Amino acid sequence: MNKTSVNIIYLLGFQNVHNYRGVLFLIFLLLYVVTILGNLLITFLVSWSHNLSSPMYFFLSNLSTCDLLLTSVIVPLMMSVTIKEKMSISLPGCCAQLYFFGSLAGTECFLLAVMSFDRYVAICDPLHYSSIMNFRKCILLAFWSWFSAFTLILGIAVNTCKQDFCGPNVIDHFFCDGAPLLKLSCSDTTFLEIQNIVLGIPVGYIPFLYITATYISIAIAILRIPTSTGRQKAFYTCSSHLSVVSTYYGTLIVSTFFPVKDQLSNTKKAVSLLYTVVTPLANPIIYCMRNRELKKAFLQFCSYVTNKQPTNNY
């Protein structure tokens, strides 16, 4: 059969907002700049301050790097789509964006699970914390978080690119997400849909179940602490990470359980904005506002820059 090969994909972005394109562009630009600066600040402070040399902050710097890359994969193209009526992207470029977005989202899931393990050891087995969470193990956990996600998602990206795209070539979305891209395929996508479900288990569901089980154990351990001061201190060490987990997985769960028929609706786009734009922005805000050590390190750096003595008024 004669088939017309599609080499260009058109993204429609946000429709029915013609009068607000400039405003949306400025909002997205502001959010992007704040996200980049916030995550860069955390990464820099962790590498600069000797007080932030614990495994928790090492994994936090990895999470901030992941958020920085994730938002850079999505937001610049999204701003271009917003300011224009329609944005074109090559099919290989679309598949590349799908791959990096999926890999970085998977990396974030793994890193959040690793961070929950770190909090579990710190609270449930504090006497062996330094031996369990040694430098070598932290490096390995971070490496496998990145390597596993990028390896598992590679198969999905490759098989997506191998699909026959013979028209139409328009996606009613602001980035190359998997589901709307598959809707353009004129090949049998059954195997790829099954592959998405199967790989979604180790990448998304297992880390979420592990985090849930870990925090149940942490909650039980905290309730067994005899003093209220000890319980508050233990809970405080987990509060920032728990807030980030709730924000990230909350948006993913809402997005996942929307009906398929609403996959490309404006509501779906709004939900997609939550985990592509809001979550990478929320993570540094949550940690910077709730973590005293980060605040202290930031003030010490400001004092260092201005050649003043570090202050403890934080």
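Including glycine, each Cβ sits where the backbone N, Cα and C put it.
Curation does not apply to TrEMBL; its annotations are automatic.
Feature list (source: TrEMBL):
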- 20-45: transmembrane segment (TRANSMEM)
- 38-287: domain 'G-protein coupled receptors family 1 profile' (DOMAIN)
- 57-78: transmembrane segment (TRANSMEM)
- 98-117: transmembrane segment (TRANSMEM)
- 138-158: transmembrane segment (TRANSMEM)
- 197-223: transmembrane segment (TRANSMEM)
- 235-258: transmembrane segment (TRANSMEM)
- 270-289: transmembrane segment (TRANSMEM)
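Over the domain 'G-protein coupled receptors family 1 profile' (38-287), the average per-residue pLDDT in this prediction is 85.
Fewer than three CB pairs closer than 8 A are found between the transmembrane segment (197-223) and the transmembrane segment (57-78), and contact between the two stretches is not assigned (pairs 6 or more residues apart).
Outside the transmembrane segment (270-289), and at least 6 residues removed from its termini, the chain residues within Cβ reach (under 8 Å) are 28, 31-32, 34-35, 38-39, 41-42, 60, 63-64, 67-68, 70-71, 74-75, 78, 101, 105, 173-175, 177, 240, 243-244, 247-248, 251-252, 254-255, 258, 295, 298. The list of residues near the transmembrane segment (20-45) in space but at least 6 beyond its ends in sequence, with Cβ under 8 angstroms from a Cβ of it, reads 14, 52, 60-61, 64-65, 67-68, 71-72, 75-76, 78-79, 82-83, 277-278, 280-281, 283-285, 287-288, 294, 297-298, 301. Using a Cβ-Cβ cut-off under 8 Å and counting only residues 6 or more beyond its ends in the same chain, the transmembrane segment (138-158) has close neighbours at 55, 58-59, 62, 95-96, 98-99, 102-107, 109-111, 114, 117, 178, 192, 195-196, 199, 202-203.
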